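Engineer: The structure follows.
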Amino acid sequence: MSKIANVIGFEVMDSRGNPTVMAEVVLESGVVGTACAPSGASTGSREALELRDGDKSRYLGKGVLKAVANINETIKPLLVGKDVAAQRELDDIMLKADGTENKANLGANAILAVSLAAAKAAAQDKGIPLYAHIADINGTPGKYTMPVPMMNIINGGEHADNNVDIQEFMIQPVSAPNFTEALRMGAEVFHSLKKVLAGRGLNTAVGDEGGFAPNLPSNEAALEAIAEAVAAAGYKLGEEITLALDCASSEFYKDGVYDMSGEGKKFSPEEFADYLAELASKYPILSIEDGMDESDWDGWKVLTEKIGSTCQLVGDDLFVTNTKILKEGIDKSIANSILIKFNQIGSLSETLDAIKMAQEAGYTAVISHRSGETEDTTIADLAVATAAGQIKTGSLSRSDRVAKYNRLLRIEAELGEKAPYRGRAEFK
């Protein structure tokens, strides 16, 4: 048994220049595990609470000294002396100490950073990679796959300062024989897209997740630009490269209406479902995330019945990585996939529970970053360890995004054929 000797919290910076929480878990053996909590921009109302200080004199109120203090003063004495390999016990201790449904007392950012740091320390102590340790915890040792990257190459919505309503326009290199080649294909399309946009006199600055963020006349114009870039890169759209959307519909849903102000259109839920169905019939869109508002379950039902048999419908704000909400969705046949974000629920154990529930119900699970990221690459190991099959970690620029891709390259080099890349087969 490897015991925890110390737990230390720090205030560090994320990719948007805002503070976030870093935790170190130190073992009696001297091994140290370090992890950072990410932060979202478009957030579901039922996400676990990200504890911020609210002191306007520091970081415009976004400091996390309270969360750091909760690690150093409350969590540390509870975990010192505990077995670092007992992940669920450690997480349960922190959840019990918090005592709230949404982790409002200690902060999901504090609990998560410690939870992930403990897993990293345990993996190092065992002398195995993090993905192997997570697979052990998950009860799926050795059952690995390499995820299909869903690369967000045009950013809109809350992730960019432009007029595009849909938040993410993504490509998936589904024909690649392995992850390494998939990454190359995506990078080539990314560079091709820059030339396409520049050729139209459009801005090629990037948004929070590393994708381009130009002003465009419509959401469909983004798809048209990507289609041109795919062809210019020498690939066949629909065969080698497919598309995905993250609508983040909760950001433009008001009073029962989907108000896409960027292109001056308003839709009822039924009309918006028709709009998305039309896009999915016109372009090879394999996946649509948050196609309806998180509270519009009737709209979700309409959308699921309309295109759920042919398109992956991912619940992000809808499910917030929460098993209680996911179970309700499964029981009501709402959506057919869940987005997995550590900090929506706030601990590794609860994250694994959500993935397992989804997979057992025949739902896909898409592992995801947040728009506010750090150099932490845990989601790469999580995707491989759980054989989730899909990962969202941004575009092919910004080191906070590329760090995850580089980690996946190293994992594939280690595992080889033990972690197959299944491409289109991952999209049910």
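Each Cβ is built from the backbone N, Cα and C atoms, and glycine gets one as well.
Straight from Swiss-Prot, here's the annotation block:
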ACT_SITE  E209  active site, proton donor
ACT_SITE  K341  active site, proton acceptor
BINDING   Q167, K341, R370, S371, K392  (2R)-2-phosphoglycerate binding site
BINDING   D246, E289, D316  Mg(2+) binding site
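Any idea what these are sitting next to in the structure?
Structural biologist: Of all Cβ atoms in the protein chains displayed, 31 besides its own lie within 10 Å of the Cβ of E209 (active site, proton donor).
When secondary structure is read from DSSP and collapsed to three states, K341 (active site, proton acceptor) falls in the coil class. Residues near K341 (active site, proton acceptor) in space but far in sequence (CB under 8 A, at least 6 apart, same chain), listed by position: P38, G40, D316, V320, T321, S368, H369, R370.
According to its DSSP assignment, S371 ((2R)-2-phosphoglycerate binding site) is coil.
Residues within less than 8 Å, Cβ to Cβ, of D246 (Mg(2+) binding site) and separated from it by at least 6 positions along the same chain comprise N152, I166, Q167, E168, M170, I288, E289, D290, V314, D316, K392.
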Engineer: Hey, which of the binding-site residues Q167, S371 is the loneliest by Cβ count within 10 Å?
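Structural biologist: Ranked by other Cβ atoms within 10 Å, the binding-site residues Q167, S371 bottom out at S371.
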Engineer: Specify the count of other C-beta atoms within 10 Å of the C-beta of R370 ((2R)-2-phosphoglycerate binding site).
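Structural biologist: Its Cβ shell of radius 10 Å holds 29 other Cβ atoms.
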Engineer: Tell me the Cα distance separating E209 (active site, proton donor) from S371 ((2R)-2-phosphoglycerate binding site), rounded to the nearest angstrom.
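Structural biologist: Just about 6 Å between their Cα atoms.
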Engineer: If you count other CB atoms within 10 A of each CB, which of E289, D316 wins among these binding-site residues?
Structural biologist: D316
